[in-house]
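If you look up Swiss-Prot, you'll see 1-20 marked as compositional bias 'Basic and acidic residues'. Residues or ranges marked as domain 't-SNARE coiled-coil homology 1' by Swiss-Prot: 19-81. Swiss-Prot lists 85, 88, 90, 92 with the feature S-palmitoyl cysteine, giving similarity to another entry as the kind of evidence. Positions annotated as phosphothreonine by Swiss-Prot: 138. Here Swiss-Prot flags 154, 187 as phosphoserine. Annotation comment: Swiss-Prot describes 1-75 as region 'Interaction with CENPF'. Positions annotated as region 'Disordered' by Swiss-Prot: 1-23. Marked as region 'Interaction with ZDHHC13 and ZDHHC17' by Swiss-Prot on the basis of experimental evidence: 111-120.
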């Protein structure tokens, strides 16, 4: 009888321990799910900010392109005016043959973004492991929830990986666009300075 009582006590203790571990494991999966959902929300906000920044860069580069077009017209007018005034100085052609001009405008992409962020894909079906994510012990609703939580965590982690790749691609694209904008801005400034000098010289000669 004493041995039976001891065995029952031991079994009850094992059951209590199993229940305790199941409760702790369930809470752990809930915390994991909350953390990855917060990370996903932060990732989405970051992608939205990058997209808005990309639109701003597009507008800036379009402005640089418009200045370039306007300067072509202004340089042509100055050249015609210079011929009329008997001046042969035409630094605009020399400027257009310079390395800086070719670098800024030679391969003008007109602000076209080379790559767009890929669509975030839910990978839960791909990541789900046949038979579930956990080894069953208590075989109750807690383990069902644990399995569901881990499946969601796995899917969100897959999404986060795609988000990270999208962010990296978008940042690389924007960095290249910023370099183009800087080159175009420098080229436009040089051309505006040259045009001002020519106009001043022609006015002075008049």
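Cβ from N, Cα, C; glycine included.
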Modified residues: 154, 187 - member with fewest neighbouring CB atoms within 10 Å: 154
DSSP residue counts for the compositional bias 'Basic and acidic residues' (1-20), split into helix, strand and coil: 19 helix, 0 strand, 1 coil
Coarse DSSP state, helix versus strand versus coil, of residue 187 (phosphoserine): helix
